[in-house]
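Colleague: Take this structure first; my questions come after.
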2 protein chains.
Amino acid sequence: MSAAVPSPPPGEFDLIARCFHRHRAPRPGVPLGPGDDCALLAPRPGMQLAVSTDMLVEGRHFLSTVAPEALGHKALAVNLSDLAACGATPLACTLAIAMPRGDADWLGRFADGLYALADRHGIALAGGDMTAGPLNLSLTVIGEVPTGQALLRHGARPGDTLWVSGRLGDARLALEGFRGTVRLPGEVFDRVRLAMERPEPRVALGQALRGVASAALDLSDGLLGDVRHLLARSAEALGRPQPLGLRLDADALPRSAELAAQPLALQRLCTLAGGDDYELAFTAPAGAEAAVREAAAQAGVSVTPVGRIEDETGLRCVDAAGRPVAADYLAFDHFRG
Amino acid sequence: MSAAVPSPPPGEFDLIARCFHRHRAPRPGVPLGPGDDCALLAPRPGMQLAVSTDMLVEGRHFLSTVAPEALGHKALAVNLSDLAACGATPLACTLAIAMPRGDADWLGRFADGLYALADRHGIALAGGDMTAGPLNLSLTVIGEVPTGQALLRHGARPGDTLWVSGRLGDARLALEGFRGTVRLPGEVFDRVRLAMERPEPRVALGQALRGVASAALDLSDGLLGDVRHLLARSAEALGRPQPLGLRLDADALPRSAELAAQPLALQRLCTLAGGDDYELAFTAPAGAEAAVREAAAQAGVSVTPVGRIEDETGLRCVDAAGRPVAADYLAFDHFRG
């Protein structure tokens, strides 16, 4: 008897091949793309690899109503933002996806959004996995950085200036709009929801800041919560038992005209503890201002000095006149959030 | 006013630090472990990196009653099995986990199982992510393989022998025991469920087969379904429009005494299409038998010749006497399964 080898069922493998094999051809740095047990990467000599993983869950990291293209963009963008924070050049990513049903239309549109951003950054979707289950997207990104030049969360010193890129708080303002806690005119809502749904990872800025910034991280849980890690890790590296301190100028935090038109309390919430910003926060010696501004110009991204790292542990949040600003926001936490 | 920087909430970050920071110290090949935006890997000169991602969903890839230690083992094992199939040496992994509540006891036991296997393979858990959501585990493993020496799914040629490692079918027998479609005495059930819950990735065998095997993959969806990929990819690489053919000796498929004591139809199902085996299937030229056996001895793993790659497309499944065996099983598919 000669039975035909069963043809591929119109499920998992068919969907993967249809939606996620656009980067199968070998490319520089990625000699083997998707379709085998592993992908193969060929980092250049002298390079270390930066690796980061982020998982996005429906109803937590994105609304179920989001356009699949936007979700594909955002799933990759939040991961690239981690590479940006390290000053790495993106090389490849993998995608694991669980979804209730194999919906080829939805997946194709999701893939469109993901590949558009991947192609802009010259990065291959090199492999992954697909299964049935509650909607869940887990991406791992891999980038290259010259040995010893990665930007890290530690390295800040008392006296360093704290900078942030771009503008903060629009994503949170959009979320409050979705939640109905604030009423936004249609065109305002349309502009700020772009910040929430289409964050632009600061990859070029991260690379330009190598050798300039003393420490860096990306802002995903809100400035106050995230910068805590930088203060703690930098103190650890200096052998100090307490985190470094921060004097933060709340009025200096860069914000859009749309956010600046909101009540001050909402501006404070959105800029200090908004979450989902995907901007870089980084420190540099006070004397490095010109180098920071040059790196920013090279990357085409605005940067703003917003505070100063201090010896004395604790956060001193002030307004433009130097008056204290209450800043007792808790960092976002997925098991509290 | 000098407000204290908010202390870490007893949630996400606390759980990560408590359960998943055992590999924070720098180690060879992994100069920066978890705790920053990215981990840093330093592959050795002349090495390519093999990368693979697998996602495990509760109720699909594991039963909700599984011991967390066993799940930690299995989540990493199924990923290492992909590195094994490429002949790569494991270097690091990342873990993204979604769980309904931050259960420190469960997580600690899960971590125990994962780290035990990681330590046995000298691999660092270098980073990851944690969030609230339906239980989902997504791992990415990264290994090193000398440039040009990775085992791939293509490379098989007509005349090559098909080999499998270890024994097939026990994991499926255990699953049928859980499902109640077969009654297994307690001690039999205990032995075969080890195959399901504690698969041993064939990492040493994969490495020993570099330069010996012509093609390889790991068995996760069942032999017949998986080997289809090898036949199709190898034909593609030879420029053939149809998959290569396979003559498979169903009686030669290695099985445990426990499985061999079951009705023949159940043995066939479990060995031909069982799934969850995490053994290697690989091809080698007929003249390479001694080299294959030497590699297997070196790795301390049994290997068995089970068939022959043929020019004529299609599967010809026969018994020991050469009589045809019905083998019309469909490959496991997550959107059909």
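Keep in mind that glycine also has a Cβ here, set from the backbone N, Cα and C atoms.
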Colleague: Per TrEMBL, what member of B:D218, B:D221, B:D226, B:D249 joins B:D37, B:D82 in binding Mg(2+) 3 at one site?
Modeller: B:D218
Colleague: Tell me the coarse DSSP state (helix, strand, coil) of B:D82 (Mg(2+) 3 binding site).
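Modeller: It is helical.
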Colleague: Could you give the Cα-Cα distance between B:H61 (substrate binding site) and B:D54 (Mg(2+) 1 binding site), in whole Å?
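Modeller: Taking the Cα atoms only, B:H61 (substrate binding site) lies 11 Å from B:D54 (Mg(2+) 1 binding site).
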Colleague: Report the DSSP secondary-structure composition of the domain 'PurM-like N-terminal' (B:35-145) as helix, strand and coil residue counts.
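Modeller: Grouping H, G, I as helix and E, B as strand yields 36 helix, 47 strand, 28 coil.
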Colleague: Are there any residues in the same chain, six or more apart in sequence, whose C-beta is under 8 angstroms from the C-beta of B:D276 (substrate binding site), and if so which?
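Modeller: Long-range Cβ contacts: B:A171, B:R172, B:L175, B:M196, B:P199, B:S220.
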Colleague: Taking 10 A as the limit, how many CB atoms besides its own sit near the CB of B:D129 (Mg(2+) 1 binding site)?
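Modeller: The Cβ of B:D129 (Mg(2+) 1 binding site) has 24 Cβ neighbours within 10 Å.
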Colleague: Can you tell me the CA-to-CA distance separating B:D218 (Mg(2+) 3 binding site) and B:R153 (ATP binding site), as a whole number of Å?
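Modeller: Just about 10 Å between their Cα atoms.
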Colleague: Relative to the Cα of B:D129 (Mg(2+) 1 binding site), which of the binding-site residues B:S52, B:D82, B:R153, B:D221 have a Cα no more than 10 Å away?
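Modeller: Cα filter at 10 Å returns nothing.
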Colleague: Out of B:S52, B:T53, B:D54, B:D221, which of these binding-site residues is nearest B:D82 (Mg(2+) 3 binding site) by C-alpha distance?
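Modeller: Spatially nearest to B:D82 (Mg(2+) 3 binding site) by Cα position is B:S52.
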